[in-house]
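Reading through the structure tokens given below for one structure.
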Amino acid sequence: MSRDPTDRLFRNARLVTLADAAGYGLIEDGVLHVREGRIAWVGRAADLPETLRGRSEDVEDLGGALLTPGLIDCHTHLVFAGERIGEFEQRLTGVDYQTIARNGGGIAATVRATRAAGEDALVAAALPRARALVADGVTTLEIKSGYGLDTASELRMLRAARRLGATLGVGVRTTFLGAHALPPDYAGRADAYIDLVCDEMLPAVADAGLADAVDAFCEGIGFDPAQTRRVFERARALGLPVKLHADQLSDLGGAALSAGFGGLSADHVEYTGADGARAMAAAGTVAVLLPGAFVCLREERRPPVDLFRREGVAMAVATDCNPGTSPLLSLRLAMALACAQFRLTPEEALRGATVNAARALGLDDRGRLAPGLRADLAVWDAAQPAELSYWLGGPCARAVYAGGRRLR
Ligand code: NIG
Ligand code: FE
């Protein structure tokens with residue numbers, strides 16, 4: 001029998017299990033045993049089963065370091081070509097995001113660059129970005145399409161996203177975001193474009209098995225609720241779960257719309273009101289908070305965190321990494337910003353980047369430390385879990401494992 005390369009015993013760890021519905025689930029002097037890419041045993045050293053006690057091979061003494069579940073970035077636009085640095089400078093002089101979008105910049109600028117790039121070029125451009133996320137503890141990331149906006153280019157983006165996962169050995173979940181913006185060739189014909197999304201793109205993406213979920217941008221500069229609903233209806237018919245860029249710049253009832261379709265998440269949600277939050281709570285739709293876009297767009301309206309708490313809406317935190325509104329390459333920094341800007345507690349921020357992020361992706365095999373779950377782990381040079389949301393940048397994870405294999 002060949003040796004299991006993932007078989008490893010971590011000892012002398014401060015385990016942040018997040019095993020219960022609240023609290024860090026901290027275990028001092030903890031031990032975690034990995035076998036066949038999964039967590040085989042987790043608990044206090046004092047309770048270690050006899051069979052593991054005398055073990056000396058493939059044992060790692062963490063010297064009291066924190067061991068958490070690998071972080072999960074549940075909302076990114078990581079695959080794209082080009083950059084939008086000129087637009088960044090323009091925004092600093094007072095031109096706003098919507099105006100830039102209406103003048104053919106914004107998402108449309110990235111669409112031009114992405115359409116011109118081949119699959120290899122897309123992978124090559126995204127690799128360093130994905131590596132930066134991994135360096136900061138990420139073991140699963142979601143990647144959206146939405147910069148192709150024609151069938152071939154959207155498929156190419158999704159293939160590139162899947163290749164990133166295979167190349168780096170990280171978990172990648174792909175989301176089809178064909179209804180991200182109106183491509184220039186459909187100017188003034190949004191409904192016709194939604195026909196294309198529903199009748200051609202979505203079936204092609206589903207057929208190729210390239211998407212794990214379907215997203216849309218429901219906004220004044222995106223698509224209206226009726227158009228979004230059409231996309232969601234087709235997604236449902238194809239058996240694909242939905243999530244939504246909802247209520248970011250105005251309240252179009254996006255959060256409730258996503259919840260109405262049993263959506264995995266409603267993302268941004270700055271303008272979401274009480275009805276939206278209640279609908280989310282009832283449907284189990286996660287609120288994905290994206291402080292990077294909030295900060296970079298210098299928004300003033302904060303997501304209704306207190307309302308989400310009161311209604312029992314689970315909150316996740318993600319980078320929204322994209323070339324326009326959130327060129328953010330650290331999920332830990334997103335957590336820190338969620339605390340500083342949205343007043344999340346560090347515990348909420350960590351749950352938001354692990355267990356709740358997993359939920360926002362429809363995954364129940366990761367995000368906590370418990371037997372049977374994937375051995376997606378991050379080891380930190382930190383004394384307490386709140387420290388992960390405390391530093392703005394600085395030293396990264398000491399070690400990162402996905403499926404029990406060391407990534408760095
Ligand atoms: O999540 N809101 C729409 N989509 C992205 C921005 C994409 C872009 O500007 O390129 C977001 O903020
Ligand atoms: Fe986004």
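Placed from the backbone N, Cα and C atoms, the Cβ positions cover glycine too.
The candidate list Arg84, Arg102, Arg368, Arg374 contains one residue that TrEMBL assigns to the 4-imidazolone-5-propanoate site with Tyr147, His180, Gln248, Thr325, namely Arg84. With a cut-off of under 6 Å between the Cβ and any atom of ligand 2, the binding-site residues Tyr147, His180, Gln248, Asp320, Gly324 reduce to Asp320. Sequence-distant contacts of Arg84 (4-imidazolone-5-propanoate binding site), defined by Cβ-Cβ distance under 8 angstroms and a gap of at least six in the same chain, are Gly105, Gly106, Ala109, Thr110, Pro323, Gly324. A Cβ within 8 Å of the Cβ centre of Tyr147, Asn322, Gly324, the residues given for N-formimidoyl-L-glutamate, is found for these other residues of the same chain: His77, Phe80, Arg84, Ile107, Thr110, Gly146, Pro323, Thr325. Counting other Cβ atoms within 10 Å of each Cβ, the lowest count among the binding-site residues Gln248, Thr325 belongs to Thr325. Screening the binding-site residues His75, Asp320, Asn322, Thr325 for a C-beta under 6 A from any atom of ligand 1 leaves Asp320, Asn322, Thr325. His77 (Fe(3+) binding site) is 10 Å away from Thr325 (4-imidazolone-5-propanoate binding site) when you measure Cα to Cα. The Cβ of His180 (4-imidazolone-5-propanoate binding site) lies under 8 Å from the Cβ of Ile107, Lys144, Ser145, Gly146, Tyr147, Leu149, Asp215, Ala216, Phe217, Gly222, each of which sits 6+ residues away along the same chain.
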